[in-house]
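Residues or ranges marked as substrate binding site by Swiss-Prot on the basis of sequence analysis: R108, D145.
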Amino acid sequence: MPLSALESTINAAFDARDTVSAATKGEVRDAVEQALDLLDKGEVRVAAREASGAWVVNQWLKKAVLLSFRLNDMTTISGGPGGASWWDKVPSKFYGWGENRFRDAGFRAVPGAIVRRSAFIGKNVVLMPSFVNLGAYVDEATMVDTWSTVGSCAQIGKRVHISGGVGIGGVLEPLQAGPVIIEDDCFIGARAEVAEGVIVRRGAVLAMGVFLGASTKIVDRTTGEIFIGEVPEYSVVVPGALPGKPMANGEPGPATACAVIVKRVDERTRSKTSINELLRD
């Protein structure tokens, strides 16, 4: 089915989603399956960057992911610890894969790495024991370190390092208009969280423990400029706090968490955050 027809079919099905179920057959099921397959191969993306730097969200692909939950029934998934099974609607991306398929895909997935079907993983990516949710896009030479989560439909660029325990938020629950986007050459420090459609622009470095949501103020310490929802390119960002407003009794109010841009990336920063090509051979 051509992409234009695919989009129209999925949009119409989503508008009538109360009528879609595991018993649904025909054009709607075929359209959703085709969309998931295209996402899985990386031939389409939930969000794409234009030449201007703006990101455009393909809402119909997000709708296809959501419709798949109504179309697919629960089933046992083998491979659990001690011979146990899981119980879910979404199969593993790696279901049925053998050595040749992994070699063709060209990325590493160590034991404990979980990737759901419809997520795309680029060549030379390293997946430590981590979780990549459906509809996500992880581009070439990126490292997803241990216990990190890449949420549904999140877009991760090339040569990104996602450190241990990082949380990259998804779009499905709570439902978000746009996915989290981490552009090329970013470094996300351990236990940092980026959620609610925040965009981290190219080359930015988030220190350990930075939490960013749609309403988090990102303060440039040098200029005083405040950014919300977007980290400027090549920024070095650390956790911070803004002084609180006085309370009714005149006492100082509680401080509000924020993020602080302390500098722009320099050679010293690059030496600490550069990727190791040896790990991607």
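Every residue, even glycine, has its Cβ placed from backbone N, Cα and C.
D145 (substrate binding site) carries neither a helix nor a strand DSSP state and counts as coil.
Annotation for D145 (substrate binding site): spatial neighbours M128, S130, H161, I162, S163, G164, G165, V166, A190, criterion Cβ-Cβ under 8 Å with sequence separation of six or more.
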